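Enquirer: Questions regarding the structure given below will be posed in turn.
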Amino acid sequence: MQYISTRGGIAPVGFIQAVLMGLADDGGLLVPEHLPQLSAATLEQWRTLSYQELTLELLTLFAGDELPRADLRDIVQRSYATFRHPDVTPVHRLQDDLYVLELFHGPTFAFKDVALQLLGNMYAYISQQTGSIIHILGATSGDTGASAIAGVSGKPGVRICILYPHGRVSEVQQLQMTTIADENVLNLAIEGTFDDAQRIIKEIFGDAAFKQRYHLRAINSINILRILAQITYYFYAYFRVSEQQPGRSISFSVPTGNFGDIFAGYLAKQMGLPIHRLIVATNENDILVRFVQDGVYRPEAFRSTHSPSMDIQVASNFERYLYYLYGENAAKVKELMAEFRANGLISVPQADLERVRADFAARSVENATCLTTISQVYAGSGYLLDPHTACGVAAADAEALGDITIALATAHPAKFNEAIALSGLEQSFPDEIQALFGKPQRQQVVPATSEAVEQHLVEFFGAASGVLPAPEDVLETLT
Ligand SMILES: Cc1ncc(COP(=O)(O)O)c(C=O)c1O
Ligand SMILES: N[C@@H](CCOP(=O)(O)O)C(=O)O
């Protein structure tokens with residue numbers, strides 16, 4: 001499988017090069033040159049596979065023969081051996097037609113672990129096979145950072161720097177990042193929002209000379225492997241629920257910020273999984289909901305909410321969606337992204353909007369509704385939702401599609417006790433989270449500029465750069 005840029009400005013690259021490139025060198029995002037199409041017979045065969053086997057089959061489609069199948073199997077097995085549930089991502093029936101897909105059984109209690117355990121092991125594998133260094137730069141609104149650090153910390157050959165918005169992540173999210181004592185981890189709390197952090201890393205990745213000099217790699221969902229790894233659980237959940245409810249139409253409701261998680265569901269649908277609709281569930285930062293409603297993609301003022309990991313205005317993966325909306329037309333995407341840079345908005349005509357609505361429904365869930373959903377669901381069933389999942393559940397209720405709906409439970413409530421307390425509820429923390437309180441923290445507060453961040457990167461990554469080669473220089477040793 002080869003990978004190309006949504007903006008058409010790079011020569012096709014293989015799977016491992018795509019993982020290493022992160023953001024495409026022309027500023028676009030990498031996508032597979034073609035999407036594998038799955039027949040009904042294949043879906044039937046896959047129905048009985050374990051989570052790990054299913055991941056292996058899917059990844060083999062996207063990785064081709066670039067790494068030996070036994071090595072890929074080993075990476076997959078090790079990635080999900082760290083999960084606390086034997087099904088990795090089990091489904092739980094909440095009400096008659098509503099299920100939650102529990103994505104929080106990994107090391108940091110958030111859905112990001114599903115992809116970042118895998119990406120961490122993939123980076124460590126590439127480093128080992130090539131004797132090279134991996135320097136990771138990421139931005140987080142709280143979950144990606146903790147999860148990425150957990151995915152790589154202690155792994156030789158890998159160093160990681162994470163930017164997060166100072167004072168805008170939950171207490172547990174901050175502790176998960178800042179209490180890691182590993183010298184290979186640098187936490188920079190920037191004086192701004194997540195959008196500033198994301199803008200800064202895109203600016204730094206866009207500086208080709210700097211990116212190359214310090215061998216920078218991405219762990220955000222700009223990295224195509226993040227998206228590919230998340231496709232598995234749409235298949236797995238679909239198989240589990242359709243066994244219980246044969247013949248019913250199935251939709252997914254997805255708490256959405258950067259459009260990464262829901263985009264993985266869109267790819268699963270495009271590959272042939274018979275998902276009816278994908279519900280975009282946001283908080284008051286509702287740029288994606290407004291797009292589905294009126295066809296205009298335009299950031300508005302940032303709002304701090306009870307679901308802080310979705311406090312995002314500019315959704316990174318929206319560009320990948322535009323690529324498919326316009327029939328894999330990179331020239332059109334390039335034009336639209338230039339329009340966005342120039343005018344601050346993208347507007348699509350009514351006919352295109354109808355095609356958007358054939359796949360997506362969308363709801364913005366306000367703070368008050370998020371909290372009442374948490375307390376009502378708990379009162380009705382004893383099941384405690386985290387505030388992001390609550391947005392997904394509330395959006396599913398409001399849309400009332402008449403389908404079976406699977407709401408993605410993207411985090412464990414213990415990560416967001418601030419919202420749980422505001423809902424009038426108390427919870428006890430899992431031991432792994434309780435153990436974080438009182439540990440020493442390591443972080444540095446920096447201004448929200450690329451220059452300020454680059455200074456830290458030069459110091460942090462500089463010493464190691466040049467000692468070991470970049471993987472690109474020795475890639476042939478992998479095969
Ligand atoms: C708990 C939680 N839910 C939902 C989201 C939104 O996911 P995405 O950004 O992939 O749309 C995030 C962050 O990305 C998150 O951390
Ligand atoms: N909500 C995310 C924001 C970063 O998104 P990503 O999926 O692109 O890594 C977070 O938790 O950091």
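Just so it is clear, glycine is given a Cβ too, placed from its N, Cα and C backbone atoms.
Reproduced below are the annotations present in TrEMBL:
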DOMAIN    2-80  domain 'Threonine synthase N-terminal'
DOMAIN    91-400  domain 'Tryptophan synthase beta chain-like PALP'
MOD_RES   Lys112  N6-(pyridoxal phosphate)lysine
Enquirer: Tell me which residues of the chain lie with their Cβ under 8 angstroms from that of Lys112 (N6-(pyridoxal phosphate)lysine), as long as they are six or more apart in sequence?
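Expert: Looking at Cβ-Cβ distances below 8 Å from Lys112 (N6-(pyridoxal phosphate)lysine), excluding near sequence neighbours, one finds Gly106, Asp143, Thr144, Ala146, Ser147, Ala148.
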Enquirer: What is the number of residues in the domain 'Threonine synthase N-terminal' (2-80) that are helix, strand and coil, as DSSP sees it?
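Expert: Looking at the domain 'Threonine synthase N-terminal' (2-80) with DSSP, the answer is 39 helix, 9 strand, 31 coil.
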Enquirer: Specify the secondary structure state of the residue listed as 'N6-(pyridoxal phosphate)lysine' as given by DSSP, simplified to three classes.
Expert: helix
Enquirer: Average pLDDT across the domain 'Threonine synthase N-terminal' (2-80)?
Expert: 97
